[in-house]
Amino acid sequence: MAPSSLLLYTLLISANNYCPRTQKPRKTRQKMAQESSINRASRRTRILNNHLVQSPSDPTSCLRSNSCLSYTPPEETESLDFDTKEMRKILDLHNLEDRDWLFGVIKQGKVFNGKERGGRLFVLPEYNQTMEQQREMTMKRIEYLFERGVFDGWLMKKGVEAELKKLAFLDVIQNFDQSLAVMLGVHFFLWGGAIQFMGTKRHHDKWLRDTETFGLKGCFSMTELGHGSNVRGIETVTTYDLKTGEFVINTPCESAQKYWIGGAANHATHTIVFSQLNIDGVNQGVHAFIAQIRDADGNICPNIRIAECGHKIGLNGVDNGRIWFDNLRIPRENLLNSVADVSPDGQYLSAIKDPDQRFAAFLAPLTSGRVTIATSAVFSSKVGLATAIRYSLGRRAFSVTPNGPEVLLLDYPSHQRRLLPLLAKSYAMTFGGNYLKMIYVNRTPGSAKTLHVVSSAFKAIFTWHNMRTLQECREACGGQGLKTENKIGHLKGEFDVQSTFEGDNNVLMQQVSKALLSEYAAAKKKNKPFKGLGLEHMNGPVPVIPSNLTSSTLRSSQFQMNAFCLRERDLLNRFAAEVSLYQSKGESKEHAFILSYQLAEDLGRAFSDRAILQTFIDAEANVSAGSLKNVLGLLRSMYALICLEEDAAFLRYGYLSTDNAAAVRKEVTKLCGELRPHALALVSSLGIPDAFLGPIAFNWIDANSWSSVKH
């Protein structure tokens with residue numbers, strides 16, 4: 001045998017029998033198919049042959065499209081120990097066929113900017129276009145989807161099935177481009193939703209069909225330069241002119257200009273205007289009106305001024321604008337009057353006499369924005385994690401022995417610790433998001449409070465998690481994470497604003513704590529048990545945390561729920577006591593609440609974590625015993641324990657001793673090791689097609705090869 005052939009044979013045997021991750025002969029790997037081994041051997045033979053027989057007379061031969069020794073597709077080495085299709089059903093929950101159909105529509109459409117990388121098609125927004133070009137492309141994509149019937153029934157059809165299909169389609173669109181999703185959210189959920197839920201039959205008949213068919217383009221003018229979260233304080237003023245039977249809308253000062261109005265800068269023809277309503281010198285509070293801002297040819301209407309908001313760190317496919325109203329006259333019928341009305345003779349009419357209750361009734365229908373933001377944040381986290389984890393299953397770095405093979409990134413315990421707890425949290429928040437959707441589509445007047453509190457809590461927690469996840473995934477991908485085509489870094493800019501719009505996260509969490517305090521005060525005053533918002537656990541005995549936490553105890557769902565309930569229960573008691581103490585010293589209830597903000601923040605997180613854990617336990621309970629249920633148990637334990645580890649409240653208030661906190665930390669590390677073999681299966685279960693991930697999720701060498709440059 002020739003020396004080169006002998007070397008080739010030796011290298012091939014060594015490469016084919018050694019598995020760096022297990023440090024065992026590869027033949028011991030579970031369920032390794034013979035066909036896969038043959039393919040792998042053939043591929044490695046070809047690679048080694050290229051290295052050994054490369055012609056020195058051809059200086060460009062090294063640039064040929066060859067595979068590299070350092071990359072092995074994870075599908076060849078990773079086992080799938082549970083049914084990923086069944087896991088996806090549990091995660092996506094509804095309208096799987098509809099989702100897959102729309103994924104296919106987007107992949108096939110030229111307007112979605114398909115690019116080939118490493119022999120695969122990827123769809124991604126154009127990152128090098130100007131702001132103006134991105135906006136026009138967003139509108140072209142809306143037109144493309146409209147022509148294919150994607151939006152049929154989004155406003156005209158009623159019922160749970162129609163609502164869930166709409167939410168499923170929005171999930172898919174958010175996987176592609178947040179600008180596109182936001183523009184649709186503004187038009188259908190904010191403008192259209194306001195007409196649906198804040199208007200009455202006269203508004204439905206006049207506006208809804210044209211909205212669904214894009215006979216008009218709507219936007220939503222609530223936020224002002226001087227007021228965002230504090231909607232009650234907005235400064236735009238509307239008066240009623242008894243002589244003409246019209247409302248007159250005015251922007252009285254610069255801080256009253258409508259700001260960040262998506263769709264206003266270029267495309268919207270109509271808007272919902274939130275304004276103080278003044279009748280005969282009496283301010284009746286915030287009301288909503290329909291106003292036309294452009295004609296059919298795109299010309300700005302008289303008595304209206306519109307300007308740009310300017311370039312943003314993300315979402316530049318959304319044309320955010322500013323609006324001023326200068327004595328704009330609109331018909332009396334353009335008041336959205338489901339809660340209150342003004343008669344032709346100028347009488348203010350409302351069945352709700354209390355201004356606070358009336359204001360709450362006005363805003364109650366607008367929770368759809370928080371619902372869709374929460375669920376989209378989870379999907380963005382999944383895109384980042386699927387890309388980063390797949391990359392870590394194909395990228396190697398450093399050796400643990402002299403001259404030994406380099407180790408897969410995800411085989412480093414530190415890398416597992418970076419990504420796998422975030423994956424478990426994303427699974428948990430998926431179940432939380434599904435629960436939130438079901439409250440929303442089955443909403444009744446009696447569930448309004450629950451929907452408001454849960455949507456506020458989950459919107460804050462999910463969007464905070466999303467930004468943290470995307471940052472960790474970006475760093476975990478090293479330099480490749482900086483490339484916009486790999487999506488993770490770009491998603492950070494696109495989704496950053498989620499922490500702000502539809503309510504600043506910190507303000508939303510304070511609203512959650514306020515609602516819990518109200519429930520607490522009502523139960524104590526009436527001497528009745530707690531009922532609703534999941535607070536029924538307050539009626540039972542105080543949970544006891546064992547002094548010595550074993551592994552089996554830490555993984556018990558009962559222990560996990562007890563720990564979460566103990567934290568929420570104690571923080572609610574502390575919060576109520578602190579607010580009461582400040583009030584006894586002469587502070588107003590509102591100021592006492594502000595002074596107790598630290599406990600309020602801790603309580604809001606405790607409520608959120610407990611509610612999410614409950615949805616995970618409920619989802620797990622519906623799965624039959626087997627490998628799928630076992631993996632869900634690992635994920636649930638990881639979620640619960642990482643929450644125990646990360647929230648200082650458990651140590652601050654003594655729910656965990658320092659020894660028990662150390663035991664929790666050690667158990668998280670063990671869970672990382674046990675979840676590691678399931679990493680590929682877990683990200684494959686997320687239901688995101690390959691084309692919607694970053695190219696480095698697959699053959700990152702081919703995606704960066706010379707042939708890809710020429711292409």
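Just so it is clear, glycine is given a Cβ too, placed from its N, Cα and C backbone atoms.
Automatic, uncurated: that is what TrEMBL annotation is.
Going by TrEMBL, these are the annotated features:
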type	residues	note
ACT_SITE	GLU502	active site, proton acceptor
BINDING	THR223, GLY262	FAD binding site
DOMAIN	219-327	domain 'Acyl-CoA oxidase/dehydrogenase middle'
DOMAIN	366-517	domain 'Acyl-CoA oxidase C-alpha1'
DOMAIN	560-694	domain 'Acyl-CoA oxidase C-terminal'
SIGNAL	1-15	signal peptide
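Shown here: features listed in TrEMBL, placed on the structure.
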| residue | record | CB count, 10 Å |
| --- | --- | --- |
| THR223 | FAD binding site | 22 |
| GLY262 | FAD binding site | 25 |
| GLU502 | active site, proton acceptor | 26 |
Cα distance (Å, whole number) from GLU502 (active site, proton acceptor) to GLY262 (FAD binding site):
12
Any idea what the model's mean pLDDT is for the domain 'Acyl-CoA oxidase C-terminal' (560-694)?
97
Expressed to the nearest Å, what is the distance separating THR223 (FAD binding site) and GLU502 (active site, proton acceptor) at their Cα atoms?
9
